[in-house]
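Noted in TrEMBL for the protein shown:
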DOMAIN    A:8-130  domain 'Methylamine utilisation protein MauE'
TRANSMEM  A:73-93  transmembrane segment
TRANSMEM  A:113-134  transmembrane segment
TRANSMEM  A:146-167  transmembrane segment
Amino acid sequence: MIPVVSDLAPLVCAVLLAVTGAGKLFGRRTAQVAADTVLVRVLGDARRAALALRTIGGVEVALAAALLAAPTAVVPGAATAALGLGFTGYLGYARATAPESSCGCSAKQEGPIGLLSFSRAGLVVLGGAAAATADTSWWSRIADRPAVSTVFLVAATVVVGALTADLDRLWLLPLRRARIRLFGNPLPASAGPAGQVPVAASVELLERSLAWQAASPVVRSALLDSWDDEGWRVLRFAGVYEDMRGAHPVSVLFALDRTATIDTTENPAVRVSLIDDETEELVPADVLAPVPSRTALPLAT
Amino acid sequence: MRQNHENTGRPLDRRRFLTTAALGGATIVGASALGGLDADAAFAEPMPSLDPAITKSAFAEGRITRIKGSVLEVAGSYGDQHLIQLTNVTSIWKLRPTTADAVKVGDGLYARGVDMPDGTIAADAVWVNIVNLYVTIRGIAKDRLHFTHGSHETVGHVVPDTTTASYLGGALTPDLSRVRIGQAAQILGAWRPADDAIDIARVTVGH
């Protein structure tokens, strides 16, 4: 292999393993993360899964130390490659049996197993293989060829960073933002014809209106139906009113300007009518609750 | 939904009738059309609760395990069981106002209604799969939003003619183009049990 790559591979692998290993070994959320992994099913219970995850973290940290201290030895590199192969096998198994489970790779991000997880495991295999062939220690290689080493380390950091789910907000979000700045926001600016007020906006206006307060003793359901007619938007609710003869189911109909929203008016005029479901007759409005004529002062929040 | 089935043949006639009735003899509630205008009225009874019928209500939530006619068997999150009776005036929300046909086994629900003597709850209103999440927008595509809720990545689908947005406390609008990546947002929507995604009813940003 290229000498710079193989000689600096121990350093890169060691840093990567130290970070992910320490995350698993000392992370406060390891138990929580372990509970979402496929390890639970393999090992039977969540406590053992957490223990397994912490053990792997310990192995990773030990390997990182070995790679840093004895970069020219073959064993740490080979062990790293073997660990990477193990990760790949584990991910393949988890992906096949429980694709929704979390990989637990870095003990921070919970996320389903995807391309990132496999790329990371593959990187560990390659890095370990390269590290096993190192014949000069990384510190003397950096001292010999500082410029090339720096370029390689920066490139390695970028690759590892790009493959780390925890860090993708550093590069993925700016990339997506730039795309939207270039090509515009892909979401629809307006779904329907201009000026069309969604029904949800009419309901929002209604629920802040005096008419809603007045009808509150009667209305029992949420919105049942709505339609537009001659400039009005009619909203139908189900309700019950009580009189001497007992309780009667009614349709509560609110009609309001179909172009009005809370942006255009604070006090919409709303037509309220109650229609008895059994007799289909209009119920007199005196079952509506009287509403105080003073409007409430807005509250500072 | 007995009444709805009766009406499916001529829902427009029914609406026409209701419109005529509603606009013909309606009470107009405007700024001061209803209620006393004298000073005493200000000191009259305290304002009623804004949520209708809140005091008489029973609540239930859980996953639907079985649907038998118009009765939903619901397993609550705390091991409790409910029988929810849908009636011809039960409002059913599943992303939008819909009918009982849209309710499926495996759906989650919140129901508000009245306890009946036989132990069932006669539902006034049912909200199926409703979710209310505080999220961070992570990605925007033509027909969906990507966001994180805590550390969970979720996809929210934009549904034409249904998804609305509210900016800075303004009115709900179909204009979604002002949503930005990185913004904190409140997502109201319907969870889809099949793929664990969400159909978005409402995005609220800048609240």
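Along the chain as shown, the residues are counted starting at 1.
Each residue, glycine too, has its Cβ placed from N, Cα and C.
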**OP:** Would you kindly list the residues that approach the transmembrane segment (A:113-134) from elsewhere in its chain, counting only those six or more residues past its ends and only Cβ-Cβ distances under 8 Å?
**Re:** 1, 5-7, 9-10, 12-13, 16-17, 67, 71-72, 74, 76-85, 87-88, 91, 94-95, 99, 101-103, 105, 159-160, 163-165
**OP:** May I ask for the residues of the chain that lie six or more residues beyond the transmembrane segment (A:73-93) and have a Cβ under 8 Å from a Cβ within it?
**Re:** 9-10, 13, 17, 38, 59-60, 63, 66-67, 103, 105, 113, 117-118, 120-134
Subject >> Local confidence of the domain 'Methylamine utilisation protein MauE' (A:8-130) - pLDDT mean >> reply: 83
Subject >> Per-state residue totals over the domain 'Methylamine utilisation protein MauE' (A:8-130) - DSSP helix, strand, coil >> reply: 94 helix, 3 strand, 26 coil
